[in-house]
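Taking it in order: structure first as structure tokens, then the write-up.
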Amino acid sequence: MAKMSTTHEEIALAGPDGIPAVDLRDLIDAQLYMPFPFERNPHASEAAAGVDHWLSTWGLTDDPAVAAMISCTRPAELAAFNGPDMDSGLLQIAANQIAYQFVFDDRAEDIGRHSPGRLLPMLSESVAILRDGQPPTTPLGAALADLHRQVQERCTPAQAARWAWNSREYVHGLLYEAVAQAHPAPVESGLCRSIRSLIAGVEPFYPLCEAAQRCELAPEELHHPAMRRLSRLSADAAVWIPDLFSAVKEQRAGGMINLALAYRRTHRCSLPAAVTLAVRHINSTIREFEDLYGEVRPELSPSGIGYVEGMAGWIRGCYFWSRTVPRYADTLTAPAGL
């Protein structure tokens, strides 16, 4: 891999037309490679209402702070951008899951910030539900059990099993994040990327992308090395893009597991320069995804093509959602200058 320069002279903080970026969002828009055009599911508004009802049913928005977070995060909008072709039922499951993961992630961050061990009851309950079908003991666990039920009713047994496996990996990743946050020494960029991959929470949605197809993928297609590589590339790109837009918020909160902030620590540069370096890394990832997909597409089944298009949808959707979601509004207040 070519060495990335971090000198002020070699990092251009302007768009291709040479017009200087005003704020970080301008900078990201100007430099990020996004080959996938904007799309939106027509059932977005119904999904948003469904999310509100589902969260209320399980008592997750009884806390005003959680209700405010959901309002600023717009989980149904993210689902609609990621899955523009999903039917209304599958879109609702995806939207519920996104909302759940935001609640779960924020709760885990609050609990484990200073003492990772305090996360163990919460994470153990989730693993017991996902792995063993154990009954929940908390409102958050009850919501997860219901989400698991929704997936089992809509997906094939194999798809539901993959969903549960990927979801357990996400749960385990949150403990890694808590340990990294509590560690006195900064996390180096390679380890940061590894932890970020674990807590991305994107791959649990890929079985839903498969469920949106006319039939299951054959095992040899689903587990082909190229398909596994496409899954990794798309999940990483999809979660790193929001890292660009959340960098200001995470920096103020003392966050460690963020791609842009990892570059800033490693290269001791300004946040705009770090964002530019992170964009370069993301661009190379998206291009590798695009090139590999182009190579294998002629060999894929129609369901395989739809499955990979679902992965691409996460790259596209996370970008267009991150640009305007109130959760990352700080991006508009941060100057793009070095």
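Cβ atoms are placed via backbone N, Cα and C, with glycine included.
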The annotated motif 'DDXXE motif' range in Swiss-Prot, which must be one of 40-44, 105-109, 150-154, 300-304:
105-109
Around the Cβ of E177 (site 'Plays a critical role for substrate recognition'), how many other Cβ atoms lie within 10 Å? Please give the count over every shown protein chain.
24
Around R196 (substrate binding site), which residues of its chain at least 6 apart sit with Cβ under 8 Å of its Cβ?
D236, V239, W240, D243, I257, N258, L259
In sequence order, what residues of the same chain, 6+ apart, have a Cβ less than 8 Å from the Cβ of S246 (Mg(2+) 3 binding site)?
N258, S322, R327, Y328, T331
What counts of helix, strand and coil residues does DSSP assign across the motif 'DDXXE motif' (105-109)?
5 helix, 0 strand, 0 coil
Per-residue pLDDT averaged over the motif 'DDXXE motif' (105-109) comes to what?
94
Where among the recorded positions D106, E250 do you find the Cβ with the fewest other Cβ atoms within 10 Å?
D106
For a quick check of understanding: among the recorded positions F102, Y328, which residue's Cβ has the most other Cβ atoms within 10 Å?
Y328
